[in-house]
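First up is the structure itself, then whatever we jot down about it.
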Amino acid sequence: MTLLVTNIKELLQVREQNILKVSGSEMKELPTIKNAWLLIENDKIADFGTMKNMPKITADQTIDATGKIVLPTWCDSHTHIVYAGNREQEFADRINGLSYEEIANRGGGILNSVKTLQDTSEEEVYEQSAKRLKEVMKLGTGAVEIKSGYGLTEKAELKMLRVIKKLRENYDLPVKSTFLGAHAIPKEYKNDPDAYMDLVINEILPKVAKEGLAEYIDIFCEKGYFSIKDTHRLLSAAKEHGLKPKIHVNQFNSIGGVKVGVEHEALSVDHLEVMNDEDIEVLKGTRTMPVALPSCSLFLSIPYTPARKILDAELPLALATDFNPGSTPSGNMNLVVSLACIKMKMTPEEAINAATINGAYAMDLSETHGSITKGKMANFMITKEIPSFTFLPYAFGTNSIDSVYINGKLI
């Protein structure tokens, strides 16, 4: 099956095969081809170029993209798409003045979702989660990471991870799985959090690894949740089981989470709303990808990740949604890209790089996804007729996506 897209107004994120991420000042550059064509063979990108120099090609299907822009699908490297129910009451509570911490102390927050998840069948959790996955795919997401973390018992955590596995089996986009048993301390362990860490490390983690249910390990390294000591313990144990770290750090406080992530060669450190100079220095020269989650900052009215500080230090940066029922009930990467420009002062070029090639890197996918590169998977989207790619983040409330292709097939 061959698909030819012609008369493309601008083809974005055109890269050579050896580019796996972009950092600092490199992120200001977004390689493009104007008045372009793109050839897909089966599920991969076969060739591309300018219309002026297009050879004679016989394709099974041809699409005229006059006035439209083509770019890789978004790579969302941090989500909690698998959950049950919603938490709209807490949304109202926050409007009425309660903080994230106060809601958690009243039995809301993560523990609210935990109870709902535990009480919901695996089949129902799958059905609810599949709807969300289909929704974000229609919005242009072509690769996604999904975490557990609303189970907090062996049975419920394994249930979540099996749902993630089923989503991966039933949908064509890459679905990466992360074990986040250390998301919050269950009520029954409130007075003995070390015992809960023992459960996660000694009981649940070995079963997750044995069943091959996760590629990554995560922990909410934050005051009131899990300490630096806890993080060291868990990441050390996970390494023995072959799970790479991708961890929550610096959402509300800088307590050394970035440093411990780097020490354990984390693939990514995520959130980073609170960053000091030491955190920036620790990341220099490492392979760890900083990941910002601006729609979480929007929803919770908390600071935004200091993107300019990160990029001016010549570090890379990825963008993701943090899609979850409590702090970001949205998986819209288009909004994330807009917020990065509006609230984090990233240029459109920087934001698109962060949401494509760098997002792919933060999931170990940039060799196969995240750019228009010969031989990569044909995960791309075609916009509606728009004046330029800057219109994507500029028109923040408009759905400018016309069609989305995963593995060369229209979804």
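Keep in mind that glycine also has a Cβ here, set from the backbone N, Cα and C atoms.
According to Swiss-Prot, the feature Fe(3+) binding site maps to H78, H80, H248, D322, an assignment based on sequence analysis. Among the features that Swiss-Prot reports, Zn(2+) binding site is placed at H78, H80, H248, D322, with the record citing sequence analysis. The 4-imidazolone-5-propanoate binding site annotation in Swiss-Prot covers R87, Y150, H183, Q251, S327 and is backed by sequence analysis. Here Swiss-Prot flags Y150, N324, G326 as N-formimidoyl-L-glutamate binding site.
Here the features listed in Swiss-Prot are painted onto the structure.
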residue: H78; record: Fe(3+) binding site; Cβ within 10 Å: 30
residue: H80; record: Fe(3+) binding site; Cβ within 10 Å: 28
residue: R87; record: 4-imidazolone-5-propanoate binding site; Cβ within 10 Å: 21
residue: Y150; record: 4-imidazolone-5-propanoate binding site; Cβ within 10 Å: 31
residue: H183; record: 4-imidazolone-5-propanoate binding site; Cβ within 10 Å: 26
residue: H248; record: Fe(3+) binding site; Cβ within 10 Å: 28
residue: Q251; record: 4-imidazolone-5-propanoate binding site; Cβ within 10 Å: 27
residue: N324; record: N-formimidoyl-L-glutamate binding site; Cβ within 10 Å: 25
residue: G326; record: N-formimidoyl-L-glutamate binding site; Cβ within 10 Å: 25
residue: S327; record: 4-imidazolone-5-propanoate binding site; Cβ within 10 Å: 23
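When the CA atoms are compared, no binding-site residues among the candidates H78, H80, D322, N324, G326 lie within 10 A of H183 (4-imidazolone-5-propanoate binding site). G326 (N-formimidoyl-L-glutamate binding site) has R87 nearby among the binding-site residues H78, R87, Y150, H248, Q251, counting only those with a Cα within 10 angstroms of its own Cα. Rounded to the nearest whole angstrom, the C-alpha distance between Q251 (4-imidazolone-5-propanoate binding site) and H80 (Fe(3+) binding site) is 16. In sequence order, T79, K147, D270, H271, L293, C296, A320, F323, N324, T328 are the same-chain residues whose CB sits within 8 A of the CB centroid of H78, H80, H248, D322, the residues recorded for Fe(3+) being left out. Of all the binding-site residues in the record (R87, Y150, N324), the one with the smallest CA separation from H78 (Fe(3+) binding site) is N324.
The 10 Å shell around the Cβ of D322 (Fe(3+) binding site) contains 28 further Cβ atoms across the protein chains shown. Taking the centre of the Cβ atoms of Y150, N324, G326 as the N-formimidoyl-L-glutamate site, the nearby residues of that chain (Cβ within 8 Å, site residues left out) are H80, Y83, R87, I110, S113, G149, P325, S327. Restricting the binding-site residues R87, Y150, N324 to those with a CA within 10 Å of the CA of H80 (Fe(3+) binding site) leaves Y150, N324, listed by sequence position. Among the binding-site residues listed here, namely H248, D322, N324, N324 has its C-alpha nearest to that of Y150 (4-imidazolone-5-propanoate binding site). Across the structure, S327 (4-imidazolone-5-propanoate binding site) and H248 (Fe(3+) binding site) place their CA atoms 14 angstrom apart.
H248 (Fe(3+) binding site) and R87 (4-imidazolone-5-propanoate binding site) have their C-alpha atoms 21 Å apart, to the nearest angstrom. On a Cα basis, N324 (N-formimidoyl-L-glutamate binding site) lies 10 Å away from R87 (4-imidazolone-5-propanoate binding site).
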